[in-house]
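Read through the structure below, which is laid out as structure tokens, and then see the notes.
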């Protein structure tokens, strides 16, 4: 009986943990499978998986054409090891998930196919290499599949699903855009083709229809403006009207239309994805409740003792005081049990960061109480706490910025730097004197750590540089560079002093996780295009130093580039001769400026259809992915500016205030720390073990800057689900259509 209760508790903890971290894996519920599931989700297992994923991707740096060449045997053994780890991880996943779900899941099939293709290609390439026959490592292009399809990368998969679901609408706009481009190209051929005009390079102007289409497509990106219109404009000023009309229609209208369509569809599909997560989260909490429930009168409840055991399993790192606070909120009337409605909110309670603070006296108040508590000391500490102290140092930073911009060689400017350093050191010392040192350098006090490290690093570098200059003739430019950078970094602190800047900074912090997601998305696209680019253009363009006597060194080693814009612009180092160079070229193409010069250059050394590679990259990266990223930024700002506290956060704050242990958020903002406070983990249990004692301890909810946009959107959809409603089953949620707003069997009054 006890063993069965323990297994139910372990299974319930798995459900609550999944709800807390938004995992939607339908795992088996047998005791062995649950233990394997805990192991599968362990942070070490996830870290190892990511390590081998990125190790597998990084092999392109060491394989031919390599940045740092390694023997084929070494790279092949590393790749086989990575594939074995991937297969082991996939097998582990198969052991914990339901069989029918595993084989219906496309991502698992993709991983198995990718492993098989990689091994096959590696074997074929190795055999051909033994006979000195050149082959293409075509399987390298499937390596990003591992980054996308493992369960840990659900955010990247969601982004790809958003792109896939947005493609139909984008396709219609793109076809209309292409129709406009082809029509304008035809008009350009008829207007300028017979007038014998020439470009600045002496080439025929708008004679070839396909060249016209490419040039006008480039004009849409503004990369060749106004160069492309100058021959026609020189011939007649009236022809400028043609290009003005083209830019208005295609650059401003169609490109804005692309953003509008991408944003509208991305927002719709993102909300559907998050709505599905909300249903899954609710369902898992209901399952956990059903495992632990006991009958109490006319209702089912979870006993307090079972609830405590559950929370210890799910969140072993939170303090006893924090756990007792959550219990007081869940069992608001101190009945000794938690009802269904309160239990379902446990995952949200655990996700809200509650900071436990312990009141401490300043060490100087203990060592020198008479001096520290004197009238002069109290006045000094009140002055440091005053907002005017912060404003004064903000002004000093701005004045310092002016001096940084002035000539360093002027003696007075050099002496002024010592004055500013002294003022900053005095500021740090005054704050440490006013605030308890362990609270001042607490783990959540980013700006205090930032200021102190920057100031003392700048002091060390300045003293070292001055000493070297005074004792020897040696002048270290590296040390000077460090000093200059550290001086400029001081200016960052002023950002947190202005409310509007803080809103923007909060938004930037909130979107960091999703920026990492789009970073993964960009990495996937870059890897695919880099590998294709190396196969197409490797060795076609070479870089030679300016003093080189190699034939055609000025033409990047290829006579086809003679007198080309690519060679005259000295772009020879922008090539696809290795993985690192390919990434740099792709980054430059993402920026868009001069991308047509790259396209023409590589087309000249290969074939003209090679331009399609660059057009494809522009469509995928700039038109689709960058626009989706912009869409997310827009949504992030809309959510940030309309941010309100959730019902659960309000309940926590109310309970904290009822217990007399509350701290207002603005009391801890910026430099204004509570006097003599430090983050601590202490037991709040009273004599009976159920009621927190307020002596020496207070709580606050962490700043809203730690809330992610995805979490805020999910909170919005969770409000549509009645807390006591059982909701749809796991199978119904998994089979929910991406376009469905709610499951068919769930009727809600306020669904949108």
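Residue positions begin at 1 at the first shown residue.
Just so you know, glycine gets a Cβ as well, placed from its N, Cα and C.
Bear in mind that TrEMBL entries carry predicted annotations, made automatically and left uncurated.
Source: prediction; values computed, not measured.
The transmembrane segment annotation in TrEMBL covers 43-62, 68-88, 109-128, 170-189, 209-226, 238-266, 388-406, 412-434, 446-464, 507-532, 612-638. Positions annotated as domain 'Ion transport' by TrEMBL: 46-268, 389-642.
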Discussion item. So if I exclude everything within five residues of the ends of the transmembrane segment (109-128), which remaining residues of that chain have a CB under 8 angstroms from its CBs? That is, six or more out.
Written reply: 72, 76, 79-80, 83, 86-87, 90, 103, 134-135, 137-139, 142-143, 145-146, 148-150
Discussion item. If I count Cβ-Cβ pairs under 8 A between the transmembrane segment (68-88) and each of 43-62, 238-266, 446-464, which range comes out on top?
Written reply: 43-62
Discussion item. Six or more residues beyond either end and a Cβ under 8 Å away: which residues meet both conditions relative to the transmembrane segment (170-189)?
Written reply: 206, 209, 212-213, 216-217, 220, 242, 246, 249-250, 254, 257-258, 261-262, 265, 619, 623-624
Worksheet item: Apart from its near flanks, which chain residues at least 6 from the ends of the transmembrane segment (612-638) lie with a Cβ under 8 angstroms of it?
Response: 159, 162-163, 166, 170, 174, 214, 217, 221, 258-259, 262-263, 266-267, 270, 507, 510-511, 514, 518, 521-522, 525, 529, 532-533, 536, 586, 589-590, 592, 595, 598-599, 602, 709, 713
Worksheet entry | Long-range environment of the transmembrane segment (43-62) - Cβ separation under 8 angstroms, sequence gap at least 6 | 68-70, 74-75, 78-79, 81-83, 85-86, 89, 92, 140, 143-144, 146-147, 150, 152, 523, 527, 530-531, 578-580
Worksheet item: Mean pLDDT, the domain 'Ion transport' (389-642)?
Response: 80
